[in-house]
Amino acid sequence: MNSLTATAPIRAAIPKSYMHIATRNYSGVIAMSGLRCSGSLVANRHQTAGKRFISTTPKSQIKEFFPPPTAPHVKEVETAWVHPVYTEEQMKQVAIAHRDAKNWADWVALGTVRMLRWGMDLVTGYRHPPPGREHEARFKMTEQKWLTRFIFLESVAGVPGMVGGMLRHLRSLRRMKRDNGWIETLLEEAYNERMHLLTFLKLAEPGWFMRLMVLGAQGVFFNGFFLSYLMSPRICHRFVGYLEEEAVITYTRAIKEIEAGSLPAWEKTEAPEIAVQYWKMPEGQRSMKDLLLYVRADEAKHREVNHTLGNLNQAIDPNPYAAKYKDPTKAHPNKGIADLKPTGWEREEVI
C-alpha cells in the first residue's frame with residue numbers, strides 16, 4: 001500500500017524559512033480561533049455547558065448549533081437514504097490504499113489532489129509526519145485541531161456528488177434519456193458527506209473566521225468542479241477517488257491517536273445522537289473512536305465508488321451500484337463495505 005504525502009509542487013517553490021513562519025502563524029490562527037468546542041472535548045467534564053471557549057460568536061447567541069425545527073405536529077423528519085449497517089469487523093478492515101496513476105488523466109487528478117491537500121493542511125494546521133516522527137511536537141494534533149480539519153474537509157466534500165448529480169440530471173433532461181442510476185448514487189454521496197459535517201458540528205461550532213474560509217473554499221471549489229465536470233467527468237471521478245484516499249489517511253491517523261491515548265478528551269466522548277440514529281450505532285459502540293470508524297468506512301466507500309465510476313464509459317455505462325446482476329453468487333459492487341475494493345472495480349468486472 002502506498003499513501004500520499006502532503007508534498008506538492010508548489011511547496012518546492014517557497015523557501016523553507018518562509019514556509020515555516022507562514023504555516024505556524026496562519027494555521028495557528030485558524031486552528032485556535034476557528035471553532036468553539038464543546039466542554040467535553042477540550043476542558044474538564046465538570047465545567048458547565050455555558051462555558052465559552054475561543055470564539056467570535058456573541059455570548060447571547062450561544063445555543064444548540066442547529067436545533068430541531070419547532071413544529072408541534074412533527075415528531076421527526078425521515079431521510080430518503082437509509083444508511084447501510086456496518087459491522088465492527090468490516091470497519092476495522094478498512095485500510096489506507098492508493099490507486100497508481102496509469103495515464104495522463106490520472107496524473108492530472110492526482111496532481112490536483114496533492115496541491116489541494118497542501119492548501120488544506122495549511123489552513124487547518126495539519127502536518128503529516130514522516131514515518132518514525134509521529135511523536136514530535138510540531139506534528140502533534142489536538143482535539144480542536146482535528147475538529148477544525150474534519151469540519152473544513154466535510155464542508156467541501158459534499159460538493160462533488162451534488163455537482164455531478166446535478167449535471168447528469170440536466171443532461172438527462174436535455175437529451176431526454178435515462179441516466180441509468182448515476183444521479184441517485186452521486187446525490188446520496190453528497191448527502192452522506194453532509195451528514196458527516198452535521199455530526200461534527202454537534203461537537204464544535206465554527207467561528208466567523210472558519211465560516212469565511214468555508215465560504216471561500218466552497219465557492220471556488222464548486223465552480224471549479226462544475227467546469228471540470230463539464231469537460232471531463234472521468235477525471236473528476238478519479239480526482240474524488242484520490243481525494244477520498246486522503247480522507248481515509250486523515251481519519252486513520254486520528255483513530256490511531258485515540259488508541260494511543262494522545263487525545264484524552266475524546267476517550268470519554270460519546271457520539272452525538274444524530275450519528276447514533278444515522279449509522280444505527282449499537283449500544284456500547286458509540287464512542288468517538290467508533291464514530292470515526294463509521295466516517296472512515298464511508299470515505300473508503302466513496303473512494304471505491306469514484307474510482308469505479310472513473311473506470312467506466314461516462315456516456316453509456318450503467319451505474320454498477322444501482323444494478324442487479326444475473327449471478328448473485330459472485331461479488332459485485334454494492335452499497336455496503338463487505339466486498340470493498342479500495343482501488344475500484346475495473347470496467348470488465350462490472351459491465
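Using the three backbone atoms N, Cα and C, a Cβ is placed for every residue, glycine included.
Copied over from Swiss-Prot, here are the features:
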{"type": "BINDING", "residues": "Glu154, Glu193, His196, Glu299", "note": "Fe cation 1 binding site"}
{"type": "BINDING", "residues": "Glu154, Glu193, His196, Glu245, Glu299, His302", "note": "Fe cation binding site"}
{"type": "BINDING", "residues": "Glu193, Glu244, Glu299, His302", "note": "Fe cation 2 binding site"}
{"type": "REGION", "residues": "322-351", "note": "region 'Disordered'"}
{"type": "TRANSMEM", "residues": "147-167", "note": "transmembrane segment"}
{"type": "TRANSMEM", "residues": "212-232", "note": "transmembrane segment"}
Inset, instruction - Could you put numbers on the helix, strand and coil content of the region 'Disordered' (322-351), residue by residue per DSSP? - result: 5 helix, 0 strand, 25 coil
Inset, instruction - Provide, as an integer number of angstrom, the distance between the C-alpha atoms of Glu193 (Fe cation 1 binding site) and His302 (Fe cation binding site). - result: 10
Legend entry - In the chain carrying Glu244 (Fe cation 2 binding site), residues 6 or more apart in sequence that have Cβ under 8 angstroms from it: Glu299, Ala300, His302, Arg303, Asn306
Legend entry - Rounded Cα separation (Å) that holds between Glu154 (Fe cation 1 binding site) and Glu245 (Fe cation binding site): 14
Inset, instruction - State the Cα to Cα distance, in Å, between Glu245 (Fe cation binding site) and His196 (Fe cation 1 binding site), rounded to an integer. - result: 16
Inset, instruction - Show, in sequence order, which residues other than Glu154, Glu193, His196, Glu299 on the same chain lie with their Cβ within 8 Å of the centre of the Cβ atoms of the Fe cation 1 site. - result: Leu153, Ala157, Gly158, Asn192, Arg194, Met195, Leu197, Ala247, Val295, Asp298, His302
Inset, instruction - Tally every other Cβ atom lying within 10 Å of the Cβ atom of His196 (Fe cation 1 binding site). - result: 25
Inset, instruction - Can you see whether DSSP assigns His302 (Fe cation binding site) to helix, strand or coil? - result: helix
